[in-house]
Amino acid sequence: MDYEALKDQWSDVEDRDGIRLSWNTFPSTRMEASRLVVPIAAVYTPLKEKPDSPLLQYEPVTCKAPCRAVLNPYANVDVRARIWICPFCLMRNPLPPHYKDITENAIPPELHPQSTTIEYQLARPAPAPPIFVYVVDTCQEEDSLKALKDTLILSLSLLPPNALVGLITYGTMAQVHELGYTECAKSYVFRGSKEYAAKQVQEMLGLLAAGPRPNMPQQPARPPVGPAARFLLPVQQAEFQITNVLEQLQRDPWPVANDKRPLRCTGVALSVAVGLLETSFQNAGGRIMVFTSGPATEGPGHVVGPELKEPMRSHHDIDRDNIKYYKKAVKFYDALAKRAANNGHVVDIFAGCLDQVGLLEMKNLANFTGGHMLLTDSFTSSQFKQSFVRVFDKDANDNLLMGFNASLEVLTTKELKVTGLIGHAVSLNKKSSSVGETECGIGNTCAWKMCGIDPSSSYGVYFEIANQGGPAAVQPGPQRGMMQFLTYYQHASGHYHLRVTTVARPLSGPTGDPTLAQSFDQEAAAVLMARIAVYKADVDDGPDVIRWVDRMLIRLCSRFADYRKDDPTSFRLEKNFTLYPQFMFHLRRSQFLQVFNNSPDETAFYRHVLNHEDVGDALVMIQPTLDSYSLEHEGSQPVLLDSASIQPTHILLLDTFFHILIFHGETIAEWRKAGYQDQEGYENLKALLEQPKEDARELIADRFPLPRFIVCDAGGSQARFLLSKLNPSTTHTTGGYGGGVTSQTIFTDDVSLQTFMDHLMKYAIPTCFTIVMNDANPPI
């Protein structure tokens, strides 16, 4: 099968099962697996939308303990004897009574060959309706606060009618609003400079009275009972009160001197929000949505002092360990994040500020709980408003496209073991025979909790081969390795659902089996390696991580390239490997690993989003797409992400996922400024100028978070966003004297892709390794 046909096959599997594997044939032995360099791993999107798939209204059939695998198309079913053999543990299980009518030609949906992914609606109801607690920063300008209030009031109409809503505001003090008290505005005030233990919060709010017990769930869709009912009200009953309270919100009255920052107690407000839900709604789906317009400057979790002369920490400060508040703040927010994750509650962070807000310190609140993270310049921006509204997108049945209180468990056959997960989750510390000896990401477990989950939430799951090799290792007949992903989550409709995805792939034959190399999915592999690199970058120095990326690339090319000894020019890669070095070139230059020109908050945001998206979107972040428009051809033409693609008579459309940029070449910009497009006879120029805008609108249509939209001209200041992403094939050092200018010259010391590939070829050929060891500054 040729590469294009394989790509189509992998794409069909992704559409059906929401999964992409780095290797689609598994090695037979651990030794063979170690020689692959790129680990056996999967990018899995549990809730990938499948509108044609039926929702089964009965409980799944599971194998006996301790296996607990769910019946799937790979199970061997004996219709006459009414038994099925589990492909994971090979145990025989009786079929339940309601399967009595099945025959060879009439089988239930979960046994159909195409039902490798199936979803069940479980009988177990959710313990409470979805809960939304808005935590609002009042230390902001009037116009920004008004815009935020308007957006929050609008969001009330997007919530399910039975959803519970609470409101906490904070500035110098944190206030919990008692929405159930209608006589006048009433709130409980917490001092911003004081750290409150969980029990203190609960005592002050009067939450220690008898409430719903964890093992006694209340009826779904009913309003809460007990003390929490004063603070959390159903939208359908209390929309008027909640709207009134939001409309009456005022700026924090505490005076702020010109040389000071506002006193902002973000840590106390978050601590109170976590404590409020922890007592009354443990393991019930809920979201704490934080809207902050500046850094925390007092109380627990503050990231900078109130004096403006004291700057926010930079990457340089962190590298030099010149960080006065950082470690204490991280410890505080991490403890809150663990509490929220253990209770099944999501924390979303929405920042509307030109300066940093402390996202770096708070990042694990979102990372541990599967929350959203959004970085915008202001709450007045359309980027914030449209992104926030998209959080509440609904499906065809008018249910929110979000799952609550989710967990993911991975089962494997004896050939495979799970080594870990990289994504927005925490470990459930569940041990089983599927758990591997090594650790990659969040390891030593086969189950993870990811309180918040949506249709684009994707996770990198990593595996190892269990077989040590030896004479008994290779067994006769076709062999396969299998994995099953079990995702339990609270659906927005009020019931728990279970989505089951079962994956089977062949095992390779003897050492040197060519099917192994042919099964390499370079796109999935690039994204999975990028996740490992970002995971490492959070704990290691940036240069060390880049060196690791380079080493892995050299080893992979050395293993799978064709070349002649001592001849770098003979270096060739098969079609399914050719783009991988290019992906790694752009990854090592990306904002995920290069922190220069980015604040720590921006780096935390970019890495958060990368770990949330599937293969297609993550690849756009690593290697942006570039399209060209000109009068010579109709529509857009994909072009190389290279400085040579900049032409005076062309318009370029760059998509980096975070930015959508339209760049007008020098001549096009002059024509536009002269107004030719508005004159008769120049309709083709007008159409040319409009086409990239139309395409940009399509790109923006379903993207979260909404990207920043930039329109610029050659030579303009905003053009730097494009130039920083291009391969610098034409720099100030490469142009010949007096040569004609046909492309943009980029002033940079970065090496070009061609130079990078030249060095890769030298390093990948073992006998050439000594030749390049004497290079002064090898780029790889």
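Note that Cβ sites are derived from N, Cα and C of the backbone, with glycine treated the same way.
Pulled from Swiss-Prot, these are the features on record:
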type	residues	note
BINDING	Cys63, Cys67, Cys86, Cys89	Zn(2+) binding site
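On the structure: features taken from Swiss-Prot.
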residue: Cys63; record: Zn(2+) binding site; Cβ neighbours (10 Å): 22
residue: Cys67; record: Zn(2+) binding site; Cβ neighbours (10 Å): 17
residue: Cys86; record: Zn(2+) binding site; Cβ neighbours (10 Å): 23
residue: Cys89; record: Zn(2+) binding site; Cβ neighbours (10 Å): 17
Coarse DSSP state, helix versus strand versus coil, of Cys89 (Zn(2+) binding site): coil
Shell list (Zn(2+); ref centroid = CB of Cys63, Cys67, Cys86, Cys89; cutoff 8 A): Lys64, Arg68, Ala69, Phe88, Leu90, Met91, Asn93
Collapsed DSSP category at Cys63 (Zn(2+) binding site): coil
